[in-house]
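The next block holds one structure in the form of structure tokens; read it before the comments.
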Amino acid sequence: MSSPARRRPMRTPAAGLPPAGRSRSVVARLGIPPALTWGFVGVLLFMTGDGVETGFFSKYLADQSLAKADAAVVIAVYGITVAIGAWLSGALSDLWGPRRVMTAGFAIWLVFQVLLLTVALPTMNYPLLLLVYGLRGFGYPLFAYGFLVWVTAATPPQRLGTAVGWYWFAFTGGLPTLGSLVASATIPLAGSYRTLWLALGLVALGGLLALLLVREPTGRSGLAPDGGNPLRTLAGSVSIMRRRPRVAIGAAVRVFSTGSQFGFLVCLPFFFTETVGFSTSGWLRLLSVMFAANIFANLFFGAVGDRLGWQRTMTWFGAVACAVTCLGLYYVPVLAGPHFVACAVAAALYGIALAGYVPISALVPALAPRHKGQAMSALNLGAGASTFAGPAVVAIALGPVGVQGIAWIFALLHLATAVAIRFLEPDPEFTAPAPAPAVDDRGVPAGRH
């Protein structure tokens, strides 16, 4: 039986810190694990392809004679499978290894996108659309979150926050930012249907780059220390939240860290266009500002988390800052009216504050260092659940309290996460120095405050 030290893939030299006496590469100095570099590029391209449809697919379905309510159901079914796929990504990484999980997600996305484009959309058969588009929903979370598990397993603790920041830079850089920009450029030239074929090409390119060029060994085998019993691994991805209550708390924090984002995407378009007075294009420009600010803030707060501590960064720059900026998203437009600069500042500050939660992807695996895949499953389940939790708050509260009340509800939920974060102290086994020297430039183990 192997020793605990041998099971800890985080110490793989190729993925993290360079051996003593060897100069660090440019990507290493940026905080990117050199052996995983092409994985980050692949995720960016994959998520760009996946994000191409974000801003127009439901409207495209309606334009093809599908009822708006039926189009909404298609999107909802897709969201459910995305959440399940996000949950499975960590558990299956424990069982198969992240690379095989990514391969499965890549294959699922390609197969069902081709079926969508060649059969389901041309016939506009509603049950077939539900089936094909719904099953395609398993694709991107298995690929993208499988790579996130790989990053957390192969990166030393001292660099993990920065590496996770780069992951979210790639993820959100593609979905929705570059994906929406690609669609806005190609739809006027080629139409919506051909744009969906372009998305297939981008996903294929990104997936091949990541799967063929990343040679880091940690992700090529299962991460579970118990030998990978299938039932135990899958059951453990749920029971970990009972066995390690702090993991359950971390998953709950993940739900509400972006719950406000998905909730605001339901109600703010109407608020800014019908109440504040922006045009639809003006609102979309504000949304672009919000996510552009978020992308670069992901990198910044990943590095800040490694220096100030993951919990401290999430508490003040994530939870508290989001509470304040949620209110700003309502009160600044009310006071300033359709003043683009003022509203853009409010939107950018909210996007930046969302990035303050980035270290949670490094922190939750540190709560159960021997069961990282299971911990990541719980975290990814929270990420998927946030796509439902935020809109559910809006659906319940919009009538009784309006957008103003919703802004206050989300602000209070963010403050609640600030309290919960204080219970997420990393496991001592994770923060203890490894036998081989692996400390950061300051010589301080990650996670210390």
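Quick reminder: no glycine exception, Cβ is built from N, Cα and C everywhere.
Unlike curated entries, TrEMBL annotations are predicted automatically.
Annotation source TrEMBL lists region 'Disordered' at 1-21.
Residues or ranges marked as compositional bias 'Basic residues' by TrEMBL: 1-10.
Marked as transmembrane segment by TrEMBL: 30-49 (among others).
Positions annotated as domain 'Major facilitator superfamily (MFS) profile' by TrEMBL: 35-429.
According to TrEMBL, the feature transmembrane segment maps to 69-89 (among others).
Annotated transmembrane segment per TrEMBL: 101-121 (among others), in sequence order. Long-range contacts of the transmembrane segment (101-121) within its own chain (CB-CB distance under 8 A, at least 6 residues past either end) are made by residues 46, 50, 64, 85, 89, 92-93, 128-129, 131-133, 135-136, 138-144, 146-147, 149-150, 193, 196-197, 199-200, 203-204, 207, 210-211.
Residues or ranges marked as transmembrane segment by TrEMBL: 133-154 (among others). For the transmembrane segment (133-154), the residues of the chain that approach it from at least six positions outside its boundaries are 9-10, 12, 15-16, 33, 35-36, 39, 42-43, 46-47, 50, 74, 77-86, 88-90, 92-93, 98-99, 101-102, 104-106, 108-110, 112-113, 116, 120, 160, 163-164, 167, 171, 175, 207, 210, 216, 218-219, 223, 361-362, 365, 372-373, 376, 380, 383-384, judged by C-beta separation under 8 angstroms.
Per TrEMBL, transmembrane segment is recorded for 166-190 (among others).
The transmembrane segment feature in TrEMBL is assigned to 196-214 (among others).
Residues or ranges marked as transmembrane segment by TrEMBL: 247-271 (among others).
Long-range contacts of the transmembrane segment (283-304) within the same chain: residues 31, 55, 161-166, 168-169, 172-173, 176-177, 180, 268-269, 272-273, 313, 317-318, 340, 343-344, 347-352, 354-356, 358-359, each at least 6 residues beyond the stretch ends and with a Cβ under 8 Å from a Cβ of the stretch. As annotated by TrEMBL, transmembrane segment applies to 283-304 (among others).
As annotated by TrEMBL, transmembrane segment applies to 316-333 (among others). Distant neighbours of the transmembrane segment (316-333): 257, 260, 264, 268, 271-272, 275-276, 301, 304, 342-343, 345-347, 349-350, 352-358, 403-404, 407-408, 410-412, 414-415, 417-418, 421; these residues of the same chain sit at least 6 beyond its ends, with a Cβ under 8 Å from one of its Cβ atoms.
Summarising the annotation, TrEMBL assigns transmembrane segment to 339-366 (among others).
TrEMBL lists 378-399 (among others) with the feature transmembrane segment. Only residues 6 or more beyond the boundaries of the transmembrane segment (378-399), in the same chain, are considered here, and those with a CB under 8 A from a CB of the stretch are 79, 82-87, 89-90, 141, 145, 148, 237, 240-241, 247-248, 250-267, 360-361, 364-365, 405-406, 409-410, 413.
As annotated by TrEMBL, transmembrane segment applies to 405-424 (among others).
Most Cβ pairs under 8 Å with the transmembrane segment (339-366) belong to 247-271, among the candidate stretches 69-89, 166-190, 196-214, 247-271, 405-424.
Under 8 Å from some Cβ of the transmembrane segment (196-214) lie the Cβ atoms of residues 35-36, 38-39, 41-50, 52-53, 99, 102-103, 106, 109-110, 113-114, 116-117, 121, 143, 147, 179, 182, 186, 190, all in the same chain and six or more residues away from its ends.
Cβ atoms under 8 Å from those of the transmembrane segment (69-89) belong to residues 57-58, 61-62, 101, 105, 126, 129-130, 133-142, 145-146, 148-149, 237, 376-378, 380-381, 383-385, 387-388 of the same chain, restricted to positions at least 6 beyond its ends.
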